[in-house]
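Q: Okay, here's the structure, questions in a sec.
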Amino acid sequence: MELLKALLLLSGVFGALAEFCVIPRIDSQLVEKLGQRLLPWMDRLSSEQLNPSVFVGLRLSSMQAGTKEDLYLHSLKIHYQQCLLRSTSSDDNSSCQPKLSGGSLALYLLALRANCEFFGSRKGDRLISQLKWFLEDEKKAIGHNHEGHPNTNYYQYGLSILALCVHQKRLHDSVVGKLLYAVEHDYFTYQGHVSVDTEAMAGLALTCLERFNFNSDLRPRITMAIETVREKILKSQAPEGYFGNIYSTPLALQMLMTSPASGVGLGTACIKAGTSLLLSLQDGAFQNPLMISQLLPILNHKTYLDLIFPDCQASRVMLVPAVEDPVHISEVISVTLKVASALSPYEQTFFVFAGSSLEDVLKLAQDGGGFTYGTQASLSGPYLTSVLGKDAGDREYWQLLRAPDTPLLQGIADYKPQDGETIELRLVRW
């Protein structure tokens with residue numbers, strides 16, 4: 001009895017000191033609508049549209065898609081295994097290169113863990129080796145004195161470390177050290193703004209390493225870096241409640257949910273963030289499958305670290321397709337497209353149906369002549385690679401802005417311009 005009293009006393013003391021990140025419960029119908037938006041994407045099985053994050057998000061949610069999930073994972077396995085085989089032959093594997101490096105391969109490894117799969121075959125060893133080679137190449141690009149940059153970005157670097165850690169694969173201290181150095185020296189700040197999703201991904205990766213006590217010689221730095229990431233995320237909270245922006249908030253919450261903290265207002269911050277997410281869900285802000293897949297876990301009080309010991313027998317509600325709303329005749333709106341950072345400045349107004357995407361506007365402009373653009377597929381949707389014949393160079397990208405200077409938070413396939421808006425495409429460095 002005395003021991004029980006002592007334990008209760010200790011739990012009371014620690015409970016008073018440490019706060020947990022918990023968000024308010026979201027209405028189950030709103031959550032179900034999110035899951036329903038993923039169902040059509042699970043029917044898209046082409047190599048360009050397969051997205052491991054969709055599978056991971058659904059497996060960490062409170063919902064399931066039945067046989068669709070099995071078929072989707074089967075399609076993922078076939079595609080990645082074929083790409084892996086081609087990478088060792090002389091076949092043209094240009095379409096596979098993005099799949100076998102960085103974020104995409106890391107997400108595929110997370111998808112396998114979400115299905116409770118452990119690596120015990122040569123194919124598994126080759127996948128692990130492929131991702132380790134990617135990190136080695138990125139480490140070399142960063143350089144011994146940290147004067148360079150990853151060939152991709154630190155988000156993919158952190159995600160790759162996380163995926164390997166979840167599979168309980170160790171990495172050399174020098175690889176982990178690059179991520180630690182980046183956290184310690186504010187490398188995730190671009191144009192004066194903290195990249196919250198990059199901070200969060202680094203925090204998740206480092207927390208995984210800490211839990212396994214990997215890279216024990218770096219333990220003090222890892223612990224300090226996790227605290228630094230948490231502090232930066234909390235400081236990034238806007239008055240509206242989100243961290244950075246509404247789309248970086250789910251990953252930020254995943255990181256904050258991984259461990260309690262004291263004296264930083266963690267509980268209050270997470271409640272505010274959860275409230276902002278609720279409002280955004282009611283407004284229909286989450287349409288992109290990648291963003292939805294990052295949001296679903298936290299609505300089920302899960303994070304990517306739950307993939308360390310996944311529960312593949314957990315009861316999940318079966319999703320049914322949403323009933324489509326009757327088609328209404330849309331009004332016609334005007335949208336002006338502007339490009340200033342080009343040899344020949346461009347500005348033209350187009351008339352499109354309300355609800356059209358920015359990509360629809362770009363296609364209309366190109367079909368009309370005098371305007372050209374190029375895109376590349378990614379897990380978050382197509383992104384601009386060239387405008388009016390001008391390709392984005394090294395450490396450059398085509399930024400989307402609502403005039404005069406408001407950056408868009410969505411990509412060309414997701415953003416729906418409003419009547420009278422001017423959308424500027426601006427080439428910027430990062």
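Backbone N, Cα and C atoms are what each Cβ position is placed from, and that goes for glycine too.
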Q: Return the single candidate from Cys165, Cys270 listed in Swiss-Prot as disulfide-linked to Cys208.
A: Cys165
Q: If you pull up Swiss-Prot, which of Cys116, Cys270 shows a disulphide to Cys21?
A: Cys270
Q: Measuring Cα to Cα, how far is Gln294 (cob(II)alamin binding site) from Cys208 (disulfide bond) in Å?
A: 18
Q: Measuring Cα to Cα, how many angstrom lie between Cys270 (disulfide bond) and Gln399 (cob(II)alamin binding site)?
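A: Roughly 30 Å, rounded to the nearest whole number.
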Q: Which residues does Val194 (cob(II)alamin binding site) neighbour through Cβ under 8 Å, counting only same-chain ones at least six apart?
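A: Long-range Cβ contacts: Phe188, Lys232, Lys235, Ser236, Gly244.
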Q: At the Cα level, what's the spacing in Å between Cys116 (disulfide bond) and Asn245 (cob(II)alamin binding site), rounded?
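A: Spelling it out, the Cα of Cys116 (disulfide bond) and the Cα of Asn245 (cob(II)alamin binding site) are 32 Å apart.
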Q: For Val196 (cob(II)alamin binding site), write down the residues of its own chain that are at least 6 apart in sequence and whose Cβ falls under 8 Å from its Cβ; none is a fine answer.
A: Lys232, Ile233, Ser236, Phe243, Gly244, Asn245, Ser248, Thr249, Leu251, Ala252
Q: Just how many other Cβ atoms lie inside 10 Å of the Cβ on Gln156 (cob(II)alamin binding site)?
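A: A count of 23.
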